[in-house]
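Listed features, source TrEMBL:
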| type | residues | note |
| --- | --- | --- |
| ACT_SITE | 74 | active site |
| ACT_SITE | 76 | active site |
| ACT_SITE | 174 | active site |
| DOMAIN | 56-205 | domain 'Poly A polymerase head' |
| DOMAIN | 235-295 | domain 'tRNA nucleotidyltransferase/poly(A) polymerase RNA and SrmB- binding' |
| REGION | 452-515 | region 'Disordered' |
Ligand code: ATP
Ligand code: MG
């Protein structure tokens, strides 16, 4: 009776055992993975685990990328060792996560440090199976040890820490091409769901019943978009049964915690395929309604400024340079900040408080609760607040500006504004020269700026809030609170644009790349 009630509460009982596939071992002669693309430290983690008597493999996206001849951006390892057992084998290893407990094995330090994520094989549990495991006296102690499993009434997996055999671990992964295991010692790929074949056919296929899999974890909807975008250049397509339920499943995202959606949005935008992801969102009928801030990004992706920011982010990731979410989001929301600011200036508010207020308003309206994202918000604010200061090229202001830790990000933002003719290109050039010059040259540059300013008639226009598509490209330079009136340097004085020294000088989204 009670059991019946619980079953009713949790949804329909399992319609038999899910298909765990058949273990196939694929040799190097067939998969053709280039061992040179395999990260040494991942190999080391696998070897250490195997020597301690555990099973261990490189798994997931890394195997997919290796198969496709791409260099994986990171390496995950899967093992039958528990997180505690893994931790015990490495000097610098940390158990992290609650919903999904894994171990981070850390190598190297500072910017060069690398993390290998090690996860324990998970049991495949839909909600009926979860109840069975809990009620089953024969469930091993080892299995229960890691057990913190929970499924809500809609079948959504809330926590996923029940250890299980490898075939179940494979089955609970999302796409067939993401569910393969590579043993770097024997060079064998273990495949349960025809991942190798799908990779050859350029097909992205969800394991199992896609509708149920989206229900279990709606974030898989966003992952489908991301992989479709990432692999679109190689000609990959979502298999039709995988693609078809996406639009209807979108409503399930309402129950996903905002922080997880935010993180997934960033993965869409910051893993080198932002423009392709936006194209996929539109193509798949998901342009709206995944996450409010993502709606804004899609809406503005065709405006010159946001498009430039997205393209620059993709370029940087492609070149292996760091990107910052604060920079990209500052670009996406700049039109709002600028409009709010212009409105306040038109009311004759003081420029700086007006900008502060406009920024506060944008945070309230667009970002909502930024708790836990304090640094992100602070960095965005700083990038925006620096913009009017770039107009001040006299006295000691510029010297202080270049010393700011966020100068590089603020400057990159200015450069992007110049690229879309929102400010004069000579202003960005001036700052580029100034930031790279020695002290004597800097003094000269300030003198020059002063001379230009004196030569210029003092006109101050009343700013008008910009509207529509033209917003992102509307010049704000003339509306800026420039006490020196040197906002827009005359075009004829355009200086030669010099590439900054040292290769990775200036580029959008260069978090922490200052100096
Ligand atoms: P990327 O190259 O972008 O890192 P990835 O495939 O490695 O892609 P991760 O988010 O790093 O993606 O996840 C690693 C692996 O874990 C995936 O390949 C997949 O097998 C599994 N996985 C991750 N998230 C999910 C999920 N929500 N549902 C099912 N399996 C998942
Ligand atoms: Mg990965």
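A Cβ is built for glycine as well, from the same backbone N, Cα and C atoms used for every other residue.
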Q | Which listed residue (74, 174) has most other Cβ within 10 Å, given these are active-site residues | A | 174
Q: Using DSSP, tally how many residues of the domain 'tRNA nucleotidyltransferase/poly(A) polymerase RNA and SrmB- binding' (235-295) sit in helix, strand and coil.
A: 41 helix, 2 strand, 18 coil
Q: Would you kindly give the Cα-Cα distance separating residue 174 (active site) and residue 76 (active site), rounded to the nearest Å?
A: 15
**Q.** Mean predicted confidence [pLDDT] for the domain 'tRNA nucleotidyltransferase/poly(A) polymerase RNA and SrmB- binding' (235-295)
**A.** 96
Q) Taking the Cα atoms as reference points, how far is residue 74 (active site) from residue 174 (active site) in Å? A) 18
Q) Once the chains shown are all counted, how many other Cβ atoms turn up within 10 Å of the Cβ of residue 76 (active site)? A) 20
